[in-house]
Amino acid sequence: MTDKLIIFDTTLRDGEQSPGASMTKEEKIRIAKHLERMKVDVIEAGFAASSNGDFDAIHTIAGLVKDSTICSLARANDKDIQRAADALKPASSARIHTFIATSPLHMEKKLRMTPDQVFEQARLAVRFARKFTDNVEFSPEDGSRSDLDFLCRVLEAVIAEGATTINIADTVGYGVPELYGNLVKTLRERIPNSDKAIFSVHCHNDLGMAVANSLAGVKIGGARQVECTINGLGERAGNTSLEEIVMAVKTRKDYFGLDVGIDTTQIVPTSKLVSQITGFVVQPNKAVVGANAFAHASGIHQDGVLKARDTYEIMRAEDVGWTANKIVLGKLSGRNAFKQRLQELGVSLDSEAELNAAFMRFKDLADRKAEIFDEDIIAIVSEESALAQEQEHVKFVSLSQHSETGEQPQAKVVFAVEGSEVTGEARGNGPVDATFNAIEGEVGSGSELLLYSVNAITTGTQAQGEVTVRLSKNGRIVNGVGTDPDIVAASAKAYIAALNKLHSKDDKLNPQRA
């Protein structure tokens, strides 16, 4: 039994199923690079058969990421598995993850198949997948609600066909720790060839127990892989949180006795990137990555921490990537200093052109904001990377606004559409509403605003505002992000970024439908 816990990240596949979290190929690539930097063992990059956009994203990530195994999901049929294999061809290390439901409810109501048919399809799917790779994972969907005898029969058969990882899915978050942990243990004990595969856990958070169930699967059940997502992102109530699993196992190594190969200093930067791209704000009291995770308000706690940090801190903020809000650069800083700070932050840009564009944005910000923090730099680079990789159908130029107490604000927005400059003017119930009306008056996208969210990147009244806008059109949902010290300007940039995604072809995305 290995003493290492394999971390399988499915942010780009299962996490993307959160309503509104659909990502472009370029956004998936940026997250995949961060996951590789974090030393994630397996990255499930998508579901190749679901769309051309997802296929392309997996194929590109497979060619770019060399230090993590790249995985594609596939239903238990030849067409899906072939598609996954084709997408994974460039990978230096590839895994096909195939699945079929095994619970009576799913077999009868969803698949309309008999248990014998499901058994045969599972067996043949793994056999076919082994033609392309010796790294094959099998998941019995809704495994935690499956008949135990049937589940043992299916899993024994797929291991015999060559499945090297068996993933016990608590698909609807129905499990509780003791029962789920004992389920994994029982399967490993009853299946004669269970020693030929690594057992994995995949839990959802519908009852708020995804992390607890996963850890029980590890400690009680003997699982040696956990499937999880950054920030616990996922449909409904979310998935198992990667950061919580990793830090629980590292902090309580005395109990779990396992090693994880994750570079934990990359956890917070990756959390922030995923939050920015998806528009899902991390709650302040979220374990490990929440803004208050290492804050102490109680006088007794503060006194204890000042005397000895380990009185009230079981892990160090810097170990998971939190940095103090320190002033790092100013308007007199040069390009080399900017580039060096990017390297210190572990941030890379794909080209000199991107670096130059990011530096010009930094200089512009430094002229408007006296103090520049690491968080400002990361926001600049993140937005610049997104702009460089997205085709700008609409491009923000300038904004002016006027408001008086008791009167509707008025906004004037200048922007370019396919290179031709246009000006939109409108009133609204507030400056942001007026700005969006001004843009829509000229563009006429016919989209619906689903979400408007503002986040201060740093502290103080000079802080940059980071705005997320979520738009929907014909059931398609996209996010746009904009940053600026002027909240209304940031709002305009975010709205335009979302419009550009709506304008891009469907096959650039894994199209998410409302």
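Glycine is treated like the rest: Cβ placed from N, Cα and C.
As annotated by Swiss-Prot, Mn(2+) binding site applies to D14, H202, H204, N239, with the evidence given as sequence analysis. Within 10 Å of the C-beta of N239 (Mn(2+) binding site) there are 30 other C-beta atoms, taking all protein chains into account.
The annotation domain 'Pyruvate carboxyltransferase' is assigned in Swiss-Prot to 5-268 on the grounds of sequence analysis. For the domain 'Pyruvate carboxyltransferase' (5-268), the predicted model reports an average pLDDT of 96.
What Swiss-Prot lists as region 'Regulatory domain' is 395-514.
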Near-site residues: Mn(2+), ref D14, H202, H204, N239, CB cutoff 8 A to centroid: T10, A169, T171, C203, A210, E227, C228, T229, G234, G238, T240
Per-state residue totals over the region 'Regulatory domain' (395-514) - DSSP helix, strand, coil: 33 helix, 53 strand, 34 coil
H202 (Mn(2+) binding site): tally of other CB atoms within 10 A of its CB: 28
D14 (Mn(2+) binding site), number of other Cβ atoms within 10 Å: 23
H204 (Mn(2+) binding site) CB neighbourhood, other CB atoms within 10 A: 25
